[in-house]
Structure formats: C-alpha cells, structure tokens
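Encoded as structure tokens, the structure appears first; notes follow it.
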C-alpha cells in the first residue's frame, strides 16, 4: 500500500528526528570520554577525576538519601490515602480530594519562597528535612491521585469477600489489594524517584552547606566554578544523569505510562 | 466519578491523616503564606509594610515583569506549539507506515524527558557556545556569517532556550499522540479511503479529530512546562543577556533571593499558580466534554 519512496522518506524523517533527540546526549558522552585539558586524563579516567574534583561522590550520596526517603514515605502515604479515597465513603470525601488535586498542579516555585522563610525562622533551613519534606508533599498529591485511580478500578468483590471473612481494613489493603497493585506502585515509585533525583529548585533554595548538595545542584555549582575545559563537566553530567537513565532503560514502560497518564505534576 | 465506593467508613480519616498532614504543612499552608506575603513590601529581613495589591499591579505595570511573562508566551510557542506540529507529523508517520524499529525510536525520543534538566542545560550550553558544535556545523555548511555566541545574543538567546524546550517536549507529545492514534479503528480509515480521501484529507478528517483528547493533555503538560521554566534558564543564561531571557519562575527566585523583594516574588508565584490552574481546568473541561 505504501510506495517504496514514501517508505524511504519516512525512515529518513524518523532518523533525522532520532538524531536530533540524541545529539546533545552524544555531545556530552563524547566530551566525557575525550581528552581532558587539565590533568591529562582520558576515557573512563575522566569519571574518576570528576568524582574526585567535582565531589560527585558526596552529591550522589545526598541525592540517594533524599530520593530513598521521599520515595518510601510518599509511596506509603499515597497508598494509604489512595486506598481511603478509592474504596471508602466518608464525609468531605470530594472536598478533600479536590484539595489534594490542587497540589498536583501547584508550581513548587510558588510555595518554595514562603517555605524558605518559615523554615528559616524555625531553624530548619539547610537540613535534610528542608529538602525532603516539601518534595514528599508534592509527590503525595500526585501519588494520592494515582493510587486512588488504581483502587477505584480494583476488584470490589475480593474486598467484600475479605471483609465478610472478618479481615480488617489494614489487612485488606496490604495483603489483599496491594499484591495485585504492584504495577501501579512500581510506576509511582519510578516517577517519584525521577522527580526527586532531578529536582533542582528546592535544594537550590533550601541548602547552603556543600555536604547537603544534591547531584543536580552540585553539577550546577561545578559548572559555575570549574572553568578549565568541558571534559570533567561532561563527565559529571553523565554521572548525574545515569541513575535515572538506567532505571528508564529497564522500566521504560512504567515511565511512559506514568508520564502520559497522570503526569499533570510536571 | 466511578461507582460510589464501599460503605461509610470513619477509619478513612486515619488513612488520610499522614498524607494530609505533610501535604497541608508543606504545600497548603505555604501557598496561603505566599498569598499573605504577596500583599506586603518585604525584604525578607526587616518588618514588612502593607502594600495591598501593589505587587500584583506591578506584574502588569512593571516593564521588566511584563517582559518576563511575555518571554513565557514566546516559550509556549517553542514548548507547546512546535512540539505539537512536529509530534502530529511524526506520530502520523509512525502510525501509518509499519516502520521497523518503532520501539527503539520511542525509547530515543522519550529519553530527554528523564534526563535532569541541569544536565540538559549543560549539554545545550556546550552546543550553543561560541566554539560549540552548532557554530562548527554552520561553518562546515559555509554559513560563517550566522555563527555567534547564541546564549549571549540579545535576539537569539530566548529562541535558543526555546529550542531546548522543543527538543525535550517533542518526544513526549509524539508518544502521547501515537498512543491516541493507535486506538483509531481501521474501519474509519477504510471509510475515508472509499470516499476517495487522500492522505492529507484523511489526516484532517479522521486522525486529527480522534486525538483531540491527547492534544488537550499534550498542551496542558507542555504549556505548564513552558510557564515553569526555571532550571534551564538558571543554568544557561540567568535571565540574560540583559533581561532578554527572564521568565516568571526565574523572577520569583531572583527577586526573593537576589533582590530582596520577597513580596513581589510571592505575587509572581501566586499569579503563576492561578494561570496554571486556569489553563489546566480549561483544558480538562475540554477533554471531559469529549468523553461524556
């Protein structure tokens, strides 16, 4: 049905676009593996040099700690709140749900400024909590929405049967409903992990000490301070981007599904 | 809403409590505080003075702030309009022609979505640098007259930032539209063919109306992303040269922590929030009408 010429044209258009999409990635990778202007390193040694000079070890540690905390806490809280909204009836249900929905769309830049000044007067600025808890709040809004949709569509007959057997609501959630909810939970986990790992504004505002800098923040500072050539900056960029990219390559389906179906947050 | 769930359970409040507590303390309360702060003239240190709606009036009256919102509108063209046009073309091709390597293509075009924006900005700064690869490419094509330091150029800095937006939003839009197009029943195309429609008429009569909902979602996501541009501007241009790439989110940060105009920063943040709510609400209404 499709002529050979048309098919060739299609492949050319798609290849051109794929090249455009990959181009900056290739620029960074090539630079990261190329010869460094200073230090005389090249290839994989650049990563070790960047790790050392750019202190990316410390930044990755902070990012990992923040991400694990935000993911675990917000996923557990979202499962619980989504369960309530999706399977129970109670007074104020719609109102509370709409309140949560506001959080999905709320831009973090609007809340980060007052949060900074309030946390400062409480002496909580420049702490692990000042980076993590605002991000838990942002993620919980989306997570509640996401898990509610899952529980609404879940099998009511199983829940009713378990209730008749005398199972508590707590047991029904964790032992009856959750095992089947794994795909929804995995999608939520990878999205929250990606958002938290890549977040820039909140750590930028909340953190002054170097030991609490997250990976993207560390990279931004490294760019500002390190001016001898692009090689180590590129190596640092690869280090910062790699964890999420690896997750993406293995769990691509979850990233695509999550970002397409529910991602009103970003 | 789906079927009313379960019977009345008061235990629901217990399940909601932890999530709601974090949410209320770290989002709802701060946005309330933002509204309050926005009504004051405050440098973040001394006592603020009541300013009424002055900070909001300034968004319309102040030339710098008007420019920042104007730049956001320009970015919408690059973040939302261009990806939509390119995405429609790419998705139509992918859906129509049974091309091989679709999975690979999808992986590649979606990749920009998962890379930290700071990394994206570092990469593009390199591409746009005076000795960067864009100028090298232009030089190789014999277009030396066009080479410049793109991000330092008053005319080209904003479009240069915008192109980065086009780069990372197009994949998302394409994959979204492709999902919608793959759900169009083949019989619709066959009917169009029988009526003698060509590829172009087929696209406008069958494909485009069928992906209205996907277009709405794509526009919501990309327009909001354009309005919220921060990391990219912070790393590439810091609003410069001059204020040629200043955008609302960057102004929030710059005014609050650079200029000590916290009230004005809060007012911009609140305005941005309202604009985003209105856009999301409007586009969701549009999508709802279609499904009902």
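Cβ atoms are placed via backbone N, Cα and C, with glycine included.
Heads up, TrEMBL stuff is auto-annotated, nobody curated it.
Here is what TrEMBL says about this protein:
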- B:12-32: transmembrane segment (TRANSMEM)
- B:69-283: domain 'ABC transmembrane type-1' (DOMAIN)
- B:72-92: transmembrane segment (TRANSMEM)
- B:104-124: transmembrane segment (TRANSMEM)
- B:156-179: transmembrane segment (TRANSMEM)
- B:215-236: transmembrane segment (TRANSMEM)
- B:256-283: transmembrane segment (TRANSMEM)
> Where among B:12-32, B:72-92, B:104-124 do we find the most Cβ pairs under 8 Å to the transmembrane segment (B:215-236)?
Replying inline: B:72-92
> the transmembrane segment (B:156-179) vs the transmembrane segment (B:256-283): three or more C-beta pairs under 8 Å (separation of 6 or more)?
Replying inline: no
> Other than its close neighbours in sequence, what residues sit by the transmembrane segment (B:256-283), given a CB gap under 8 Å and a spacing of at least six beyond its ends?
Replying inline: 31, 34-35, 37-45, 48, 51, 55-56, 58-59, 65, 68, 216-217, 219-220, 223-224, 227-228, 248-249
